[in-house]
There are 4 protein chains.
Amino acid sequence: METKKLLMIPGPTPVSRSIQDQMGRETVAFSDANFVNDFNYCLKELKKIVKSDGEIFVISGSGTLAMEMSLANVLRKGDNLLIISHGYFGDRFVDIAKNKGINVDVLSSEWGKTVPIDLIRETLKKKPYRAITVTHVDTSTGVKADIKSIGDMLKEFPEIIYIVDGVCATAGEEEYMDDMNIHILFTASQKAFGVAPGLLILWANEKALRARESIGTIGEYFVDFNNWLPIMHEPSKYFATPSVNLIWALKESIRLINEEGIENRFKRHELFARAYQKALEELGFRILAEEGYRANTLSNVLYPEGVEDELFRTSLATEGVQVAAGLGTFKGKMFRIGHMGNIDKHDLISSIASIERTLYKFNIDKLSIGLNIIQRELVK
Amino acid sequence: METKKLLMIPGPTPVSRSIQDQMGRETVAFSDANFVNDFNYCLKELKKIVKSDGEIFVISGSGTLAMEMSLANVLRKGDNLLIISHGYFGDRFVDIAKNKGINVDVLSSEWGKTVPIDLIRETLKKKPYRAITVTHVDTSTGVKADIKSIGDMLKEFPEIIYIVDGVCATAGEEEYMDDMNIHILFTASQKAFGVAPGLLILWANEKALRARESIGTIGEYFVDFNNWLPIMHEPSKYFATPSVNLIWALKESIRLINEEGIENRFKRHELFARAYQKALEELGFRILAEEGYRANTLSNVLYPEGVEDELFRTSLATEGVQVAAGLGTFKGKMFRIGHMGNIDKHDLISSIASIERTLYKFNIDKLSIGLNIIQRELVK
Amino acid sequence: METKKLLMIPGPTPVSRSIQDQMGRETVAFSDANFVNDFNYCLKELKKIVKSDGEIFVISGSGTLAMEMSLANVLRKGDNLLIISHGYFGDRFVDIAKNKGINVDVLSSEWGKTVPIDLIRETLKKKPYRAITVTHVDTSTGVKADIKSIGDMLKEFPEIIYIVDGVCATAGEEEYMDDMNIHILFTASQKAFGVAPGLLILWANEKALRARESIGTIGEYFVDFNNWLPIMHEPSKYFATPSVNLIWALKESIRLINEEGIENRFKRHELFARAYQKALEELGFRILAEEGYRANTLSNVLYPEGVEDELFRTSLATEGVQVAAGLGTFKGKMFRIGHMGNIDKHDLISSIASIERTLYKFNIDKLSIGLNIIQRELVK
Amino acid sequence: METKKLLMIPGPTPVSRSIQDQMGRETVAFSDANFVNDFNYCLKELKKIVKSDGEIFVISGSGTLAMEMSLANVLRKGDNLLIISHGYFGDRFVDIAKNKGINVDVLSSEWGKTVPIDLIRETLKKKPYRAITVTHVDTSTGVKADIKSIGDMLKEFPEIIYIVDGVCATAGEEEYMDDMNIHILFTASQKAFGVAPGLLILWANEKALRARESIGTIGEYFVDFNNWLPIMHEPSKYFATPSVNLIWALKESIRLINEEGIENRFKRHELFARAYQKALEELGFRILAEEGYRANTLSNVLYPEGVEDELFRTSLATEGVQVAAGLGTFKGKMFRIGHMGNIDKHDLISSIASIERTLYKFNIDKLSIGLNIIQRELVK
C-alpha cells in the first residue's frame, strides 16, 4: 500500500475532512437565508481573529488578487510606495505597482535576512510615501518580518498606509491589526486557514477607507472597495456571486480556529515550527531564514552536501510527504516545507520520519535523531 | 417532510452529486502531476466546446471579473467601445469601462427587446471603435442576443474586437467562437456548467491576443493575459494558486457535457426552454423577452393580475422551487427561473407542478394545465 | 443528459443526502463514547416511535434474519404457530418455521385479499397456539393487514405471542406496540426508515421476553435475545461489532422522523398512497390489493391490456423511475412501486409523470391525467 | 487543535477515504445491473484472494454470525466437534456449538500459547469428529495458529471438516484455502479488509458443501448455504436485500488489495508487525503471544510496572491513538493494538510516537527509542 502523501507544501495545506465536507455540499443561492447567516458569521468572526473593527472583504480570487486590491484602493498613478521585500512575494508587489504607474522604491534584503527597521525609517523620511507594503512571511524565503515593530515605527508617519501581506501568515502567526497599527491586511484561504484555494480575505481599517475615498474613481472594478462594501455589510445583496461552497468551508475553518482559540493556535504554530526547525538542523539541513526571523508557518530548508534536490523531493513523496521546490537562486539548493493550518502531532512526526528515511537513501543515517527532537519538544 | 427545494435560479444552478464529490475531495498541490493532467484536460476540452483554437483562461473569480478581464486586455483609456445592452449586465459593462476611462457608447433596448443589427452597424460606422460587447443572454431580462448575426455583420469591421459575455449562456446556448467570428468569450462556473461559483472561464483568439500586445503594459495585474498565458500553456507553473477543487468539479462537469454531447445539450436546453415558456404562458404568466429572442437558459416571467411577488416566491419555495426576483423596474412584477445546466425532466416537471400548486394558493386553479404542456413537449 | 433514476422500488428506498453522509463518515470504535451516545439515542427513540416500553434490538442483518429472530426466541420445536399469509413474505415465515420443526398452520388469502379476522379467531380456538405471525404489509401484494383489529381480537387468547412483521411498514404505517397488543415487532433499515440495507430492528415486550425465558437454551446463537440484551442496555459492551456507519445513518433517519413528527409521517404516507393509487387507476392500471386493505407504503399495480411488463419497466427506467417486478403468479402482469420513507412531492409528481410518458410509448395517451389527480390531492 | 485519533483497535480498522466514499453513495436497487456487476466482481475476486474454487457467501451480519454459519451448515445435533481455543473467540465457538447440542471437546492453550499439533492429532484419533475449528488469530491474545501445519496434519483425517475463523486474519495473514486444506473459512468486513462493520464473508469448498447436503434440513434459516447459493451464483436474484453500500465499500477494498497485491499485503503486515512488536518490547512492554505464534494483524501488549491501564489508554487517546482494552484475566494488564488493513508507514510511526509520549507521562522516558526501531525496520 502506498503511503499517504501528506501535503506539506506552503499552501494549499491539508484540508480537514470536516472542511472538505463543506466544500462537497449541495450549492444554494447566495441569497439563501441560511447561507447569508453563514457568510455573516464568517465576516464577523474574521474581524475578531485579527482584532479589527474596520471593514472586511471575502472575495473569490487568490492572494495575488488581494495584493492588487490592497494597492488599487489606496494608491494613484504617480504616488510613492515603499516596498519591503524579503523574497519573491515582496518583489511581486513591485510588478503590480509598476504596472499601475505607481512610483516604487524597494528595500530588499538578501534572501534569508530582513531589512533593518532603521533603514526603513530613514527611507521613509526621504519622500512623501503614500503607503508601505510588508510581506509578513515571504513563502520564498521563510523569513518573517517584524510587523509589530514596523507598525510601531510607522506611528511617526501618520500619513502612510501600512499594508501587510498575510498570505502565508494570517491565522498562523500573530497578527492584530489595531495593536500593530496595520491599515490593510490580507490573506488567502489555502494557507493557515486550511481551506482549498479560491478565496481572498482582506481587512481594511478606517484610515484605508479614507484613502480609498480620497482617490476617487479607480480603474480596477472587481477589487474596488466601493463595489463590495454594500455586500459585505449585507451579504444578501448582489455584486458578484460568492463562492458559496468555499465560504462554507471557510466557516468550518473559523469554527475550528475558535474551538482551538487563536492564541493557542499561534502557540501550536510556534511549537511546531521550533520542533521542525531544530529537527531539520539536527538532521544536517540549514534553515535559510536567520534566527529571530524564522516563520512559524513554513521553513525553507537548504540541503546538506550530496543531496540532490529533485531526487530528494521525489523520494520524499514516495515516503509520504510532499514538499515544494526552492525558488529563485535557491532552486535546486533548498526545499520548502509548510507547517501551518490544521496539522497535528501525527503530521509533524510523520513528516520528519519520512525525511529521515529519505536521507537514509542518500546514505545519511540520522534515523530517529530528528524524531527525538520532535518528541522532546512535544512533551515539554 | 419538507419538499426538497430545487435551485431554479439563474445561477448557481443545481450541482450534480458527482460534481459535488469532486469539490469535496482532499485538496492536492497545484503542481501535483495528476492535477496538472486534470487541469490540462479542462483547458483542452473547453476549447473544443466552443470550437476555439485560441487561448483559454480558467481563473479563480467570478463573471464580473471576466467582464473586466475582457476589456482590460484589449482597450486603453480613451479607446472607443460600443456596448449593446439588453439589461442589467449589459449596463454593468458601462460601469466597468467608464471607470477605466474608456469612451463608451451604449445601444440599449427596452427591457425584453433587442437592439436591431442595423442600428449597431450604423453606429459602428460613425467612429473608429476598438471593441464591441454583447451579452449573449442577459439574466435580468432573459433576452438572447443574436450573436451569430452580429458576428457576421462585424466582418465588415475587421478592426473591431467582438466580445461576447456568455455568463448565462455558454454550454447551454449555441456558441462557437470561430464560426461566429467572436474574439473574446467568457463565462462563469455556476451557470450552464453546473459547478459551484468561484471560477471564470475566458477564451481569447489570436486577434484578441494581438490587441493585447498592441496596448503594452496594463494596470490590471491579476487579469492580464500575459501573466496567465505561461500557466495556461503549462499548468504546473505558478502564477497564482488555482482553485484545485473547483477545477476538479469543472472537469467532471465537462465529462458530463461530453457524455451528453454539446449539440444534444443545446437541444435539451431548447426543448426545456420551449416547454417551460409555453407552460408558463398557459398558466397565465407572460414572458418578458420578445419571441425569437428568448433565452434557452432562463425565463423572466411576469405575474398575472393578483399575484404578489414576494408571497409567490416564498410559497413557491415551500412547494419546492427557489426562483429569483426580478431586477430593476421589474422588481416586484416578475420572477426569474433558470433552466440551464444539469437539470433533467424531473426538475422541469417538478418546477411546473410547484408553480401550479402555488398559483392555486392564489385562487388560480390551473392544476395540470402546465404539466400537460410539458408532458406533450417531452414526448415529442 | 440522462434523467435521474428515482429509486421507487419497495426497498431500498431513496436515501436522503444527510443520511448518506452519515454512512460515508470515518468509522470509529463501537466503544467510542460519542458512538455509544448515538447508539443509545437510536434505541431510546426507536422505542418511542412504536410506543413500546419493552426491549429493542438493532443488529446487523436483514428483514429475513429478523423474521427468524422473532420465531427463534419464543417457539420451540413442536410448538404450534399460526401464520397469516397475504403473500410471499407471509409464506416465508412458513419456510423458516418448518425448518425449525415448528408445527405450522397457515391461513392464506388469495393475493390481493386478506384473511378475515373471524377465520383467524376460529382457527386459534382449535389448538393451543404459542404464537401467531402477521405481515403488516406484504411487499408481494401491497396488502395491509388490520393489525390493530387482530391485536384486539388476540386479547381473547392471552397465551399467544403476537408477532408483527413490519418490514414494509414500520415508520410508514401506524404501528403502536402497546396500543395494538403486539408482542414482537420488527423491521429493516432500507424501507420506511430510508437507510441503506444492512440493519434489522426488533422490538420485544415483556410477554415476549417471558416466552424467551420459558424455552431455555436455543440453537440460534446470533439472534438470541439473551446474547444481545446486555449490549442493548449498554452499547459500550461487546457481543458482536455493530455496523457503526449504518447506525449513524439510522440516527439521522430518526432525527428526520422526529423533525417531521411520526403522526405527520403517517399522514404523508397516507396522502401519497391515495394520490398514487387514484392516479394509477385513472391511468388504466389496477391496484392488486382490495380497497380498505391497501398499503400506504407501496402499490402493486396490474398492467392494462397491451402493456408488456419488462418493456414497460425498462422504458420507465429511461424516463427516470425504477420500479420492481411482480412476484409469484403476478410476475409479468404487475409492477410494484414503493412510496415510503423520505420521499417528497417532487418524487411523487416525477414518478407519475414518468409513468404517463412511458404509457404514451405504448400508445396510451393519458398525459397529465394522473398528474391532475396528484396535484388535486396535494393541494387539498 | 486536537490530534486526530487513529483507530488502532483490532477492528474496525481505519477505513480509507475511497472506501468511505463508497459507503456514502446513493443506494440503488440490489437488482440494478451495475450493482450486480459490482457484487459479482467482489465474489470472483474474493475467491482469488484465498485461492479457493469453492463457494463464497457475502452476507449482512458480523463475524459471530459467520461462526454460527460455519457450524450450522456441517454439524448436526450430537455430532462431535473439536475446538482449538487460543482465547476468547475460540471459546465463543464452544458456546455456539453447545447451544446447538453439538458434542464439544475443547483443546485450550494458556493465553499467549498455542495448542501443540501433536495433541490435536492425538485427540482427533480418539473419536470420530465431524469437524474441527481453529481461530487463525485470536483477537483476545494475539496468538496466530499454524493453520497450514494443522491443515497438513488433517490430511490424515479425511472425514473431518476443517473450519478456520479468519476474522482477525483474512487479507492480512497468509490464508490459502486449497493449499492449506481448509474447508470453511470466514471473516468480517471491518478487519483486514478495512471496511466498516456489517458484512460477513464465508468461503466453503466442495467438501463443506457435501457435508451440508448430508445433514438435510437445518433450523438456521438465514445462514443456510442452500438459501444463499442461488444468489451468490446470480446476485440479481432475491433472498434477502444485500447491504448495497457496504458491498460497494468491499469492492473498493478489494480493488486496493489487488492494487497492492495480496502477497505484498502479507509482507507489509509482517513487516509492520515485526516493527511494532520489536519497538513495543524495546519500550518496556511485553507481547503476550509467544514468539513464533504472534499475529501480524494485532499485538496484545502487557504493561510494564507502574503503568495503569485505563489512564494509559485515555492518555494515549489524547496523544492520538485509540487502542483496545485487554480481555478476560488480562483486563487491566494489557492493551490490544491492531495493525492490519489499510494502514501505512505514517500510522505506524504515529502510533509508536504517541505511545512513547504517553509513557513519558508515566515518567518513563524512552522517547525515540521505539521510533528508532521502526525507522530501521522500515528502511530495511
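For all residues, glycine too, the Cβ spot is worked out from N, Cα and C.
The substrate binding site annotation in TrEMBL covers D:ARG336. Long-range Cβ proximity for D:ARG336 (substrate binding site), meaning a same-chain Cβ under 8 A and a gap of 6 or more residues, is found for D:ILE9, D:PRO10, D:THR139, D:SER140, D:GLY142, D:LEU298, D:SER299, D:ASN300, D:VAL301, D:VAL323, D:ALA324, D:ALA325, D:GLY326, D:LEU327. For the recorded site, D:ARG336 (substrate binding site), the DSSP three-state label reads strand.
In the predicted structure, the domain 'Aminotransferase class V' (D:42-329) carries a mean pLDDT of 98. Taken from TrEMBL, the feature domain 'Aminotransferase class V' covers D:42-329.
Among the features that TrEMBL reports, N6-(pyridoxal phosphate)lysine is placed at D:LYS191. In three-state terms derived from DSSP, D:LYS191 (N6-(pyridoxal phosphate)lysine) belongs to neither a helical nor a strand segment and is classed as coil.
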Would you count the other C-beta atoms found within 10 angstroms of the C-beta of D:LYS191 (N6-(pyridoxal phosphate)lysine) for me? 29
